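Novice: This is the structure I have questions about; it appears just below.
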Amino acid sequence: MFFMALRFLIGGIILLPFAKQLTLNRDIFLLSIFTTLSTSFWAYGLLYVEPSESAVLSYTMPLIAIPLSTLILREKTTKTEVIGILIGFSGVVIYSLNLGIYFSLIGIVLTLINAFFWALFTVYFRKLRGFDATSVNAVQLLLGSLIFFTLSPIQFYFKYSINFLVDLLYVSVLGGGISFYLWNSMLKTERVSKVTVLSFSVPAVSTAVDELRGVNVNIGMIEGIGVMFLGILISRLEKKINKSNIINGRFHV
C-alpha cells in the first residue's frame with residue numbers, strides 16, 4: 001500500500017505544474033476511489049495468480065465497460081465494436097494459454113473486481129471529458145495517494161536502493177501520471193467502446209519489448225497478438241467505412 005501511495009503521490013505532483021485549474025467535485029472524488037480500488041485489487045490479485053492469468057481476467061474490462069457506459073453515459077455501441085472487443089479478448093485468452101494458466105479462486109475474484117473498477121473509472125473519465133485532463137488526473141492521483149497512505153500499515157519496512165528508486169519513478173511517471181493522462185485524453189475524444197478495445201494492444205507491445213530483450217516468444221503468443229490486433233481493426237472498421245461514405249457522398253452529389 002505504501003508503495004502505491006508513493007506512486008500516486010509522485011504521479012500527481014508531476015502533473016501539477018501543467019494543470020490549468022484544480023477542481024474537486026463528486027465525480028472526481030468517485031473517480032479517485034474507483035482508481036484506487038482498481039489498483040488495490042489488481043495488486044492483491046497478483047499475489048494469488050500469475051501475470052498470464054491476470055491478463056485474461058483484467059482484460060474482461062472492455063466487456064464490462066460497454067454496459068456501464070450505456071447505463072451511466074447513455075452511449076450507444078455498434079455491433080462491429082462488440083464483435084471487435086470479443087475477438088480482441090479471445091486473442092488475450094490465446095496469448096495467455098501459451099504462458100500457462102493455473103487459476104486460484106480468490107485470485108479470480110480479486111482480479112475480476114479490479115476489472116470492474118477499471119471499467120468504472122474508464123467510464124468516469126469519459127463522463128468528465130469536459131474538464132481539463134491534466135487537472136482531473138492530478139487531483140485524482142493526489143486523492144488516491146491519501147487513501148493509500150491511510151490504508152498503509154503504521155509500521156512498514158522496505159529497503160532503499162537505486163533499483164527501487166528507478167522502479168518507483170518508472171511506475172509513478174510513465175505508469176502513473178502519463179498513462180492516466182493519455183487514457184483520459186483518449187476518452188475525451190472517443191466513446192468508451194472505441195477506446196477500451198485499444199487496451200488489447202498492451203500485451204502485444206509488452207511481447208515486442210520481451211522479444212527485443214531476448215525473452216523467448218512462441219508461435220502461440222504471436223497468434224494471440226494477431227487476433228488481438230484483428231479485434232482492434234474490426235472495432236474501428238465501421239468508423240473508416242462511414243468516413244469513406246461521407247467523402248464519396250460529397251463527390252457524387
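For all residues, glycine too, the Cβ spot is worked out from N, Cα and C.
Per Swiss-Prot, domain 'EamA 1' is recorded for 1-97. Residues annotated as domain 'EamA 2' in Swiss-Prot: 116-237. Under the heading transmembrane segment, Swiss-Prot lists 2-22, 28-48, 53-73, 80-100, 101-121, 138-158, 162-182, 214-234, citing sequence analysis as support.
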Novice: Find the member of 28-48, 53-73, 214-234 that has more C-beta pairs under 8 Å to the transmembrane segment (80-100) than any other listed stretch.
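Specialist: Between the stretches 28-48, 53-73, 214-234, 214-234 has the largest tally.
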Novice: Using a threshold of three or more Cβ pairs below 8 Å, and leaving out pairs closer than 6 in sequence, do the transmembrane segment (162-182) and the transmembrane segment (101-121) count as in contact?
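Specialist: Contact criterion not met.
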Novice: Check the transmembrane segment (28-48) against each of 2-22, 162-182, 214-234 and return whichever range has the most CB pairs under 8 Å.
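Specialist: Maximum Cβ contact count belongs to 2-22.
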Novice: Find the member of 53-73, 162-182, 214-234 that has more C-beta pairs under 8 Å to the transmembrane segment (2-22) than any other listed stretch.
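Specialist: By the under-8 Å Cβ criterion, the transmembrane segment (2-22) pairs most with 162-182.
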